[in-house]
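These notes concern the structure reproduced below.
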């Protein structure tokens with residue numbers, strides 16, 4: 001019998017075998033008892049529990065649903081994946097689903113068709129990511145590292161290869177290289193202990209020289225030198241503190257760093273490390289400039305240099321720290337956040353697809369939502385607005401739709417060690433920040449100045465200028481001896497300055513011209529090259545360390 005589609009499952013029996021109604025999941029008629037007495041089995045095989053046997057339609061064979069009691073209609077079916085897929089409720093009763101179409105295997109649909117998830121096991125890594133906790137069993141590959149924690153244990157945001165492009169961190173360690181982990185402890189201890197000794201001896205010597213200068217009305221050359229060295233030791237001490245914090249956090253996060261990465265890099269502590277490192281480096285550089293300039297002045301103008309008062313040195317020091325604080329806090333300025341903050345992390349919201357958003361994404365969202373209200377003023381918001389300007393605009397006009405920030409990722413949080421990146425790497429998606437170029441250009445100029453100044457000092461002390469004005473031969477010999485000691489220190493000083501800043505400056509300039517530098521360059525420069533001056537300056541500029549062995 002041929003019937004129209006509208007006659008199927010309409011509550012009226014049109015077929016002689018009642019199949020137009022009894023094979024429906026639901027039906028509007030109430031003759032359940034009539035359908036329960038009907039079995040649709042193979043003509044060659046009887047269904048033992050049925051009183052009437054009808055021939056199965058072709059579409060009911062190998063459709064995954066066991067119609068016959070012994071399941072003969074679903075045996076030896078091609079193009080099917082056998083598994084327990086539960087039961088389906090029909091008007092004639094609940095029937096077991098024993099297989100699914102092969103197209104449904106590894107189709108990345110959750111929950112899976114098979115109850116035991118066997119249809120989604122051993123699937124391609126290009127389509128599936130299996131949660132380590134098993135809750136849920138898997139997520140789609142496009143959900144991995146998308147900023148949303150889809151797995152209960154957040155393993156989709158920390159896959160095994162998540163830090164594959166990083167030469168500093170790994171999934172387990174903040175600093176993955178055992179050598180660099182040891183070096184950061186070593187550098188921190190040397191910088192802190194060495195500069196603490198310099199501070200103590202310089203403070204003691206400063207006190208003694210100040211008393212002598214007052215009693216004897218002697219020139220304050222030694223006092224000013226000690227004052228500048230004291231300032232240098234404070235600057236270098238800060239680098240040791242920053243390195244120590246990184247070392248402690250590396251040990252604290254050991255074995256589980258990936259799950260702490262976002263919270264760590266968006267934390268205040270990370271920003272403090274970045275500020276301390278810039279403060280230390282630039283205050284150290286400027287202190288060296290002042291110290292070098294004063295030494296150059298005393299060599300070429302020995303009489304005039306005695307008239308310089310300690311107030312002048314104090315003004316220098318205050319100016320150094322004011323300038324360095326401004327430079328270090330500049331990346332945290334709200335007005336510059338549009339250029340300094342690359343992404344922010346927000347609480348999950350139905351209006352944005354990810355927890356990590358860039359400025360252009362927030363700007364596009366703000367533009368879309370502002371169109372819904374005509375009376376909203378957007379003047380200046382889109383052209384000059386920063387992150388906070390957009391946030392205030394959304395909170396004021398669309399309080400129920402404004403994303404809530406959890407953490408900011410910017411200049412100091414570009415890497416796990418929170419030290420500023422002064423050059424571009426091949427893995428960077430964005431260009432080098434302008435403030436890095438300014439700092440490196442300034443440091444390069446100061447490096448050239450310091451080298452030229454000490455070369456002039458070296459030449460002056462080697463020319464024998466002191467002996468012509470010295471009446472006493474013993475004093476001449478002593479001055480020549482002091483000159484040789486100074487020349488030796490100058491040679492070491494220039495060598496360490498060049499070993500620290502010259503490679504970093506050159507890498508900055510090279511990265512501007514090239515597509516970027518290998519990522520391992522940053523880990524070496526951040527942990528070894530940049531802190532080296534902070535560790536060696538106490539040895540070069542003072543006799544604090546040798547005094548311990550006298």
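The backbone N, Cα and C atoms fix where each Cβ goes, glycine too.
Any TrEMBL annotation is an automated prediction that lacks curation.
Quantities reported herein were computed from a predicted structural model and do not represent experimental measurements.
What TrEMBL records for this protein:
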type: DOMAIN; residues: 194-541; note: domain 'G-protein coupled receptors family 1 profile'
type: TRANSMEM; residues: 183-207; note: transmembrane segment
type: TRANSMEM; residues: 228-252; note: transmembrane segment
type: TRANSMEM; residues: 272-291; note: transmembrane segment
type: TRANSMEM; residues: 312-332; note: transmembrane segment
type: TRANSMEM; residues: 435-457; note: transmembrane segment
type: TRANSMEM; residues: 490-513; note: transmembrane segment
type: TRANSMEM; residues: 519-541; note: transmembrane segment
**the transmembrane segment (519-541) touching the transmembrane segment (312-332) per 3+ Cβ pairs under 8 Å rule** = no
**Of 272-291, 435-457, 519-541, whichever stretch has the most CB pairs under 8 A to the transmembrane segment (228-252)** = 272-291
**Message:** Which residues of the chain, 6 or more past the ends of the transmembrane segment (272-291), have a CB below 8 A from one of its CBs?
**Reply:** 225, 228-229, 231-232, 234-239, 241-242, 245-246, 313, 316-317, 320-321, 323-325, 327-329, 331-332, 411-413, 417-420, 439, 442-443, 446, 449-450, 497, 501, 530, 533-534, 537, 541
**Message:** Cβ under 8 Å, sequence separation of at least 6 from the ends of the transmembrane segment (519-541): give me the contacting residues as numbers and ranges.
**Reply:** 165-168, 175, 177, 180, 183-184, 187, 190-191, 194-195, 197-198, 229, 232-233, 235-237, 239-240, 243, 277, 280-281, 284, 291, 415, 417, 419, 421-423, 425-427, 489, 492-493, 496-497, 499-501, 503-504, 507
**Integer mean pLDDT for the domain 'G-protein coupled receptors family 1 profile' (194-541)** = 79
